[in-house]
């Protein structure tokens, strides 16, 4: 009976799913509670309690931070598999992120070094936490278990609930008390996540794991690596040295330069690595074709995320400075607009699932490439809407015109449609296309594409925010054109790729 309760004790799902749901909900609350605050805090004047950083540098730093979060997932996944095991990786990640959040919250009482240190700790902790908690959810189910998809749906519902609630609370605190009240709220969310995992999840996961026969990497590394510990000690030593060097001003870090350097380095590495897989991995012609398609989808994904992630920089500052936020006698906090995306994700996900099913019943199947094309077209439309909003303000006869909030709502709606066409489809496409021996590496490259997108978003945001408002609409039109060209190129490449594939595939 006890064993049955462990495997079906949470609405017919394994009991540990409940704790993982709550752990992820509060972790997402912490992350999406502070992320929209970052650029507002960094660009606010000193007398407003901010850091008075230039908007261009702040945008680049936000992109650098978000890109690092996704890039570190590759290292985090490797350490979990070869040294820590999934449970320890999540717990250590949660501790690091908790430290990071409170470093950011307390930087007002110490120095700005604590702010940057906090971002580093959150990025490092996310690398362990973000990858491994999803792996743990997957390990709760056997491969053929029909409950797997609905289990992940429950888990991702927690993500969106946390993402929706967080800006509402931290935004209100930041606007009506101070920035650090908002940051502390995010830190308390991460502390809740860590405590739930430590005192609720770990015990249940270990009990659950005792019922399993084989080593699945849940409580111990699935394939221990002799040099993993040395790698950790080396990275910690380098990190400590860099922190001391920056604090003592031995090294000066320029966010825009660093973002450009990292972006070029990562993109070059991805090109070289795909070249290696094509020519030296011993693949068949059909597998090489699939690898080419993976590469094209990854580049398209990076382009989409470079647009989407500007919601935290360009869109955020547009809401602050150029949007009418008055509702009756209440001024809507700026970052409440960041709750629009998760709200649309929750409401539109079942609608799109119904649309795909309805089309399939009529024998009209939208391929992975087709959905990526749609995603880029939706992103194009979202940027055009914001460009139109800027243009309407420039054409206004008022001395200090403000745009209707519906411009931003419309842009978020279109970007969310694009996200739903690309994000869940991308993971499915990578697992379907990747040869078995390269599957883990391709999934790592998917995270790298998101990292590239975030870095590019920071740089694109820097270019937009460095200009005067009069030039903003022109830059938005330019980026809309880039997104449209990306969609057109995908459409052109779709037909030769279908011919190259040896047999009909849903991925084309």
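Just so you know, glycine gets a Cβ as well, placed from its N, Cα and C.
TrEMBL labels come from automatic prediction, so no person has curated them.
Pulled from TrEMBL:
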type	residues	note
DOMAIN	1-498	domain 'Major facilitator superfamily (MFS) profile'
TRANSMEM	29-47	transmembrane segment
TRANSMEM	59-80	transmembrane segment
TRANSMEM	89-110	transmembrane segment
TRANSMEM	116-141	transmembrane segment
TRANSMEM	179-200	transmembrane segment
TRANSMEM	231-251	transmembrane segment
TRANSMEM	257-279	transmembrane segment
TRANSMEM	291-308	transmembrane segment
TRANSMEM	335-360	transmembrane segment
TRANSMEM	372-394	transmembrane segment
TRANSMEM	406-430	transmembrane segment
TRANSMEM	476-497	transmembrane segment
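In this chain, the transmembrane segment (29-47) lies close to the transmembrane segment (335-360): three or more C-beta pairs between them fall below 8 angstroms, excluding pairs fewer than 6 positions apart. Comparing 89-110, 116-141, 179-200, 291-308, 335-360 for CB pairs under 8 angstroms to the transmembrane segment (476-497), the maximum falls on 291-308. A Cβ distance under 8 Å defines the sequence-distant neighbours of the transmembrane segment (257-279), meaning residues of its chain 6+ beyond its ends; these are 60, 63-64, 67, 71, 288, 291-292, 295, 298, 438, 441, 445, 448-449, 451-452, 455-456, 458-459, 462. No contact links the transmembrane segment (179-200) to the transmembrane segment (335-360), because fewer than 3 Cβ pairs that are 6 or more residues apart lie under 8 A. Using a Cβ-Cβ cut-off under 8 Å and counting only residues 6 or more beyond its ends in the same chain, the transmembrane segment (335-360) has close neighbours at 32, 36-37, 40, 157, 160-161, 163-168, 170-172, 174, 311-312, 315-316, 319, 323, 366, 405, 408-409, 412-413, 415-417, 419-421.
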